[in-house]
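Enquirer: Taken from TrEMBL, the feature domain 'PdxS/SNZ N-terminal' applies to B:7-212. Annotated D-ribose 5-phosphate binding site per TrEMBL: B:ASP24, B:GLY153, B:GLY214, B:GLY235, B:SER236, in sequence order. Annotation source TrEMBL lists active site, schiff-base intermediate with D-ribose 5-phosphate at B:LYS81. What TrEMBL lists as D-glyceraldehyde 3-phosphate binding site is B:ARG165.
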Amino acid sequence: MIKIGVLGLQGAVREHIDSIQASGAEGIIIKKKEQLEEIDGLVLPGGESTTMRRLIDKYDFFDALVAFGKQGKPIFGTCAGLILLAGEVVGQEKAHLQLMDMKVERNAFGRQKESFEAELPIKGVAEDFNAVFIRAPFIREVGEDVEVLAVYNEAIVAARQGHFLCSAFHPELTDDHRMAAYFVTMVEESMKELAS
Amino acid sequence: MSNLGTDRVKRGMAEMQKGGVIMDVVNAEQAKLAEEAGAVAVMALERVPSDIRAAGGVARMADPTIVEEVMNAVSIPVMAKARIGHIVEARVLEAMGVDYIDESEVLTPADEVFHINKSDYTVPFVCGCRDLGEATRRIGEGASMLRTKGEPGTGNIVEAVRHMREVQSQIRKLIGMSDDEVMTFAKELGAPYNVLLEIKEKGRLPVVNFAAGGVATPADAALMMQLGADGVFVGSGIFKSDNPEKYARAIVEATTHYQDYEMIGKISKGLGTAMKGIEIGTLAPENRMQERGW
């Protein structure tokens, strides 16, 4: 069975695990970097990106996560996870993992009272996906290798670059598991590629 | 096309805080220290609970200047407290753009009968609870997040432990019940029947439940996580300790790795003195904040 980890330092971990299991893969909570060796794909969940980054540094996760991505294993970042993947973060001198060629802005839709739900088409995933945005970031610019998957009010809110996937919203907070299933398929494909 | 302030958006915000520590702060400098230490949110206050306790008199919503100062200082979410039943303090905080409101027993209640009807607001609320009845009443009014009441400002974990154990044990009891027993349980607890049914079906509370009221050390935080808390509020425990920065970092780590005892031992070394605590038995009943609200 495909094993997909969810970085379990902070945030909505259980919801992603449920979503992965509902999509037919095994979900594993990753708290130590050694566990990365057991898994075929990884989810960086929503939470507070500054908190997660501090804990990533504290537990020496940083290089291991970059290496995980560079060896061709898929990573899916939601909300804070999207920020961790970005090559550039508006207003920050240094971004985090810098695995995706894109510039993102934190809390770009405003504070909590501006948080919202909206129905969106997501390319290759769904025509009518109920997307939940919570103090969400959005993607300002993408490099040419990045495919835009969803746009809301002219802001890019989901994208894919090869084996990296990200969304500004929280697919794990609804019972619609199509986005998780899409990621599971990405992991399946990468396993075939890595094996050949 | 888009819907603001839905249950999913309000409860979801609290889901993102799970496994994290929310710290009380009284100015921008403390807020930055908290963010730097890895707090998932800060609670902007005029005084931390132990100082409120010491000062006596009527404790009210913080001066908006302080809340604004904190909001401008950090990028993590900012919470603030309104008095129980004080509809206008809550509306003011909402208008200011605070990310979460704590309808809190730490402040002097404005209404001894009614809590705020939190479903009316776009901003989410967190409320304290001592048992499943209180927890479900607050959910019924629209709270999107719960926390134990504990006994604020005492640095004594015993009440938070009591409240967390009580809620967990009553949830287990509810899950084991047959459907025809639930209405009687609702009557005993003074709980909304529909909320109990939802909990029974889900096997857990429909909102996150943090620990609060008496957390003073990394081991206290880990203890509460082990008892089933989704995260931890630390009020006076950090900025009333000898070394706030060290304490803040250590409590964040202990919350993440609450079952890694070797690590908790390591980070607890040389932290300096924790806040001076208060034995609950020495508090006169009228001085117990947990008795405020119902």
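Even glycines carry a Cβ here, placed using N, Cα and C.
All TrEMBL annotations are machine predictions without curation.
Mind running through what each feature is packed against?
Expert: B:GLY214 (D-ribose 5-phosphate binding site) carries neither a helix nor a strand DSSP state and counts as coil. Under a cutoff of 8 A between CB atoms, and with a sequence separation of 6+ in the same chain, the neighbours of B:GLY214 (D-ribose 5-phosphate binding site) are B:GLY150, B:GLU151, B:PRO152, B:THR154, B:GLY155, B:ASN156, B:ILE157, B:VAL158, B:GLU159, B:ALA160, B:ASP220.
Counting only same-chain residues six or more apart in sequence, the Cβ atoms lying under 8 angstroms from the Cβ of B:LYS81 (active site, schiff-base intermediate with D-ribose 5-phosphate) belong to B:MET43, B:LEU45, B:MET61, B:ALA62, B:ILE101, B:ASP102, B:GLU103, B:SER104, B:VAL106, B:LEU107.
Non-local neighbourhood of B:ARG165 (D-glyceraldehyde 3-phosphate binding site): B:LEU227, each in the same chain, at least six residues away, with C-beta under 8 Å from its C-beta.
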Enquirer: Name them in sequence order: residues not among B:ASP24, B:GLY153, B:GLY214, B:GLY235, B:SER236 whose Cβ is within 8 Å of the mean position of the Cβ atoms defining the D-ribose 5-phosphate site.
Expert: B:VAL48, B:PRO49, B:SER50, B:VAL106, B:PRO152, B:THR154, B:GLY155, B:GLY213, B:VAL215, B:VAL234, B:GLY237, B:LYS240, B:MET275
Enquirer: When a 10 Å sphere is centred on the Cβ of B:SER236 (D-ribose 5-phosphate binding site), how many other Cβ atoms does it contain?
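Expert: Other Cβ atoms found within 10 Å: 25.
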Enquirer: Please give the average pLDDT for the domain 'PdxS/SNZ N-terminal' (B:7-212) in this predicted model.
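Expert: So the average pLDDT across the domain 'PdxS/SNZ N-terminal' (B:7-212) works out to 96.
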Enquirer: Across all the protein chains here, work out how many other Cβ atoms are within 10 Å of the Cβ of B:GLY235 (D-ribose 5-phosphate binding site).
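Expert: There are 29 of them.
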Enquirer: Which one is it: of the binding-site residues B:ASP24, B:GLY153, which Cβ has the fewest other Cβ atoms within 10 Å in this structure?
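Expert: Checked B:ASP24, B:GLY153; of these binding-site residues, fewest Cβ neighbours within 10 Å: B:GLY153.
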